[in-house]
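To start, the structure under review is shown below, and the notes come after it.
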Amino acid sequence: MNTVVAQLQRQFQDYLVSLYQQGFLDNQFTELRKLQDEGTPDFVAEVVSLFFDDCSKLINTMSRSLERPENVDFKQVDSGVHQLKGSSSSVGARRVKNVCISFKECCDVQNREGCLRCLQQVDYEYKMLKTKLQDLFNLEQRILQAGGMIPQVNIS
Amino acid sequence: MVCEMETDQTEEMDIEVLSSMWPEDVGGTQADNNQFNVEKPAGDSDTLKEVDIAEKRTMADLKRLPELMNTTDQGSSQLTNLVKQWEYMQDHAVKLLREELKILTKQREEAEAKELKIIEEHNFETQEPENVPVLDDTSHLLRRFKHTKRDALVGSKRVEIDEEFDTVAYWKQKALSLEKMLEASTERERRLIEKLNESLKTMESHSAPVEELTQNLKRAEGFLHFILQNAPIVMGHQDKDLRYLFIYNKFPTLREQDILGKTDVEIFHGGGVKESEDFKREVLEKGKASKREITFETDLFGSKTFLIYVEPVYNKAREKIGINYMGMEVTDQVRKREKMAKLREDNAVRKAMESELNKTIHITEETMRAKQMLATMSHEIRSPLSGVVGMAEILSTTRLDKEQRQLLNVMISSGDLVLQLINDILDLSKVESGVMRLEATKFRPREVVKHVLQTAAASLKKDLTLEGNITDEVPIEVVGDVLRIRQILTNLISNAIKFTHEGKVGIKLKVISQPSFASEEQNGLTETETSVWIRCDVYDTGIGIPENALPCLFKKYMQASADHARKYGGTGLGLAICKQLVELMGGQLTVTSQVNAGSTFTFILPYKVATSDDHSDDQDFSDMVDHHQAEPDDTTEGYFQFKPLLGTIYSNGGPVIGNSNFLPHKVMLTSPLKIINGFVADTSNNTGQSETAQVENGCGYMDETCSGQRPESVNQYENGTCPSKETESCSSSSQASSEGGALEMESDLTVSSKQPKLLLVEDNKINIMVAKSMMKQLGYTFDIANNGVEAITAIKDTSYDLVLMDVCMPVLDGLKATRLIRSYEESGNWDAAIEAGVDIKTSENDVHSTNRLPIIAMTANTLAESSEECYANGMDSFISKPVTLQKLKECLRQYLH
């Protein structure tokens with residue numbers, strides 16, 4: 001039993017570190033994890049799922065705005081990118097945030113092609129992150145089910 | 001000219017035809033005008049002018065003119081010409097007559113010869129004595145007739161006689177025919193004589209030259225009038241005093257008596273008159289004919305431009321007696337010309353502007369491209385590299401054997417170096433392309449110096465003494481770009497350490513008067529702001545710089561010598577960046593050095609003096625803030641006296657009271673190696689050590705005192721590492737060290753009697769969620785507004801202690817909202833907000849507080865302009881996003897106490 005927990009814990013640790021290493025996450029995610037305590041055991045998952053919902057909504061809106069080449073509402077796209085940037089930065093979704101930065105640059109110069117490219121990228125990145133975090137939370141669940149503690153992972 | 005014309009016509013006998021080049025008919029039309037200067041009005045001239053004519057206008061002084069003609073060169077030469085012409089014609093006539101005479105004489109001689117021959121023949125043939133006397137008597141005539149006859153008949157027909165030779169009839173017949181011939185001859189002779197007489201008579205009739213000359217003159221005059229009839233020409237003669245003696249003007253507006261005897265100045269008034277007068281005088285003085293264009297602006301004939309030709313006039317003794325002048329009106333031409341010139345000029349200007357504009361556009365495009373490049377560069381190169389370095393650092397926290405750790409350390413330090421290099425290059429290109437913006441933040445120079453020295457000491461691997469020396473007059477807080485100043489200091493210090501093997505390296509700060517290179521405008525400070533110039537010396541006792549290497553010291557990629565580059569490494573960019581940064585801030589960076597004795601880099605910078613009642617914005621010194629808050633008051637005199645640099649290290653977590661006020665401002669930090677070596681875990685002697693430091697004893701003693709530091713401070717040194725990652729490392733170190741402090745804070749806050757009212761203005765729900773969770777951890781609750789309008793409504797109804805305000809929001813952004821709130825605080829009403837379109841219902845129970853509500857911006861942009869904008873719009877401070885627990889805690893602690 002203990003070995004299973006230890007194994008899971010180790011797996012969890014490695015997985016989380018790999019997410020940082022691959023640049024999916026940054027310190028802000030650590031911040032987020034710090035905020036989670038007994039009172040709010042699902043805080044991170046809640047925030048993150050809210051974030052993903054947000055992503056999907058915003059991406060839909062933006063793709064509609066970018067749909068027609070001759071009539072792009074860059075202002076609306078910009079506001080979407082701004083939202084997305086703020087959210088991703090808040091949850092520590094580093095890759096998404098980085099794409100948002102270039103997305104914003106494209107938007108500023110009203111480069112529709114660039115915007116579309118970034119939109120695709122953002123879509124890809126957030127879905128990727130979603131899968132990864134899903135796995136992470138699953139691991140967490142398994143540890144907890146196995147009666148273990150979520151290990152503290154020191155990233156820095 | 002007349003003479004030349006004449007020579008072409010020598011064959012003609014008729015003098016009338018030869019005599020003049022002037023057209024006859026013109027002369028005829030002017031026949032009644034015997035004077036040169038009498039005007040013939042143009043047919044189309046207006047009535048006024050015709051009235052003028054009725055008064056018999058003569059525009060010249062008749063008495064003076066002949067006099068003038070006689071006395072001047074020009075006049076006499078004309079007369080001479082006429083006389084010459086006449087003489088020539090007479091000569092010609094004489095010559096022709098002589099020729100005629102010669103021909104006649106020749107003919108006579110021939111006739112005589114013929115006659116002689118005939119007589120001889122006759123004598124031989126007839127030998128009649130009775131005839132001889134007759135023939136003899138008339139021999140003379142006979143001979144002439146015979147000759148003439150033969151000449152006239154071309155090849156002399158012999159007299160045909162039908163009768164038999166030598167009969168009486170024959171002789172009779174012969175005599176008869178001869179007699180006829182004689183008669184004809186006599187007739188011819190008579191005619192010739194007549195013609196000769198006639199010739200003589202005509203010659204006599206032309207012998208009077210005066211009449212001839214008068215005729216010629218008349219023609220000349222006629223011609224002149226013909227030519228000049230409608231020409232816009234004024235001609236005149238003026239004497240030595242420039243008084244008019246003669247004037248010819250086709251369209252006169254003045255009468256003779258108004259002009260003659262007067263000067264231009266006396267006649268006209270207005271622009272150009274004086275100029276023309278001066279010009280005439282000039283010509284008169286120089287004695288050289290000349291032309292000039294003069295524009296007149298007179299009441300008499302308005303604005304007109306004349307091309308004026310003026311020549312001096314001499315008398316026979318070659319003395320100047322006046323000038324001739326001729327003016328042609330060229331107003332239209334001048335106007336056209338000017339219009340053309342103006343058009344051309346406009347064209348040129350437009351072209352120049354166009355090219356200028358193109359250039360500007362080009363430059364702007366280039367700048368844009370450069371900016372784009374910079375942005376790309378920073379992302380493309382820095383991000384993966386930070387990844388590499390970051391991962392290496394993570395790797396170093398895992399279990400590694402000794403060799404692996406060594407390799408990893410090399411990897412990390414190399415990575416850091418490359419990162420530093422890229423940062424340097426980016427900084428430099430930022431400064432050069434003008435992208436670099438300076439931030440104005442409040443900071444404490446003493447703390448900056450301390451921190452820089454601390455950081456340097458942390459990585460010091462040499463036996464060097466680092467010292468900081470700040471004079472009393474240096475203000476506690478000044479305003480400047482602290483990051484850049486620290487960058488410069490760090491750069492100079494690490495340079496100094498690099499080239500110093502023993503002795504000391506230090507920073508000295510003192511206040512100086514405004515240097516000569518800076519004008520008020522240059523440093524951008526207005527009179528109302530108190531500014532201070534601080535001189536900062538970074539000195540060392542190192543290898544020094546040879547004099548010949550000084551000039552290229554601040555150049556890019558340059559080091560004193562190739563040897564140095566090999567030995568000490570480095571990019572050679574550091575000093576160039578320092579210099580550019582210092583100059584960007586309106587200061588000056590200089591260096592003095594002596595080989596083997598050391599160098600001193602000095603930079604002088606202007607700072608604004610921070611007003612002491614404001615809070616410090618410098619978040620890099622969390623430990624400092626701690627310390628100062630433990631102080632009774634920043635502005636008390638005791639604090640101003642000496643700034644204890646070392647003392648703050650001691651105070652970190654240790655007993656604070658009593659060790660700070662009287663510490664020396666000269667502080668020495670020694671190498672951390674020593675500190676570690678002489679590590680003693682004794683925290684109780686803090687105050688005592690501070691006092692020993694005051695004694696300013698030798699290094700050995702200092703070493704010992706310093707070695708008594710608590711392990712935490714040593715840790716802190718080690719954490720504050722390389723300058724490139726300074727801010728990050730600082731924050732991480734403070735984060736790490738404040739873990740314990742946070743707990744303490746929490747308890748503090750929860751026990752505080754009154755729960756502060758907070759307002760979070762944020763539109764992003766994820767951000768709200770995160771912030772809420774953080775606040776909960778910190779023990780606060782808060783209200784939420786989703787945009788600026790909601791924030792204003794909330795503030796109107798509730799009295800808050802602090803507002804956290806997002807900058808970018810829909811409906812009304814944070815900056816505008818803050819401005820409106822500030823305006824309310826000043827005026828006590830929400831008029832400005834209502835004006836801005838915020839729907840506000842004022843009611844009786846509105847809370848009106850004139851206290852300044854602390855507003856903290858939360859901004860995602862960490863660019864310089866954004867934070868400047870926050871301050872400019874009345875925000876008190878800002879937290880850069882993403883908000884972390886630590887940042888939030890710092891901020892709340894600063895503003896809620």
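Cβ atoms here come from the backbone N, Cα and C positions, even for glycine.
Automatic prediction, not curation, is the source of TrEMBL annotations.
Owing to the predicted nature of the structure, the values given are computational and were not obtained by experimental measurement.
Over in TrEMBL, the protein carries these features:
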type	residues	note
COILED	B:94-121	coiled coil
DOMAIN	B:376-609	domain 'Histidine kinase'
COMPBIAS	B:729-739	compositional bias 'Low complexity'
DOMAIN	B:757-896	domain 'Response regulatory'
MOD_RES	B:Asp806	4-aspartylphosphate
**Item:** Listed in sequence order, residues with CB under 8 A of B:Asp806 (4-aspartylphosphate) and six or more positions away
**Value:** B:Val761, B:Glu762, B:Asp763, B:Asn764, B:Asn767, B:Gly814, B:Ala857, B:Met858, B:Thr859
**Prompt:** Using DSSP and three states only, what is B:Asp806 (4-aspartylphosphate)?
**Reply:** strand
**Integer average pLDDT (0 to 100) for the domain 'Response regulatory' (B:757-896)** = 80
**Fill in**
DSSP puts the residues of the domain 'Response regulatory' (B:757-896) at 63 helix, 21 strand, 56 coil
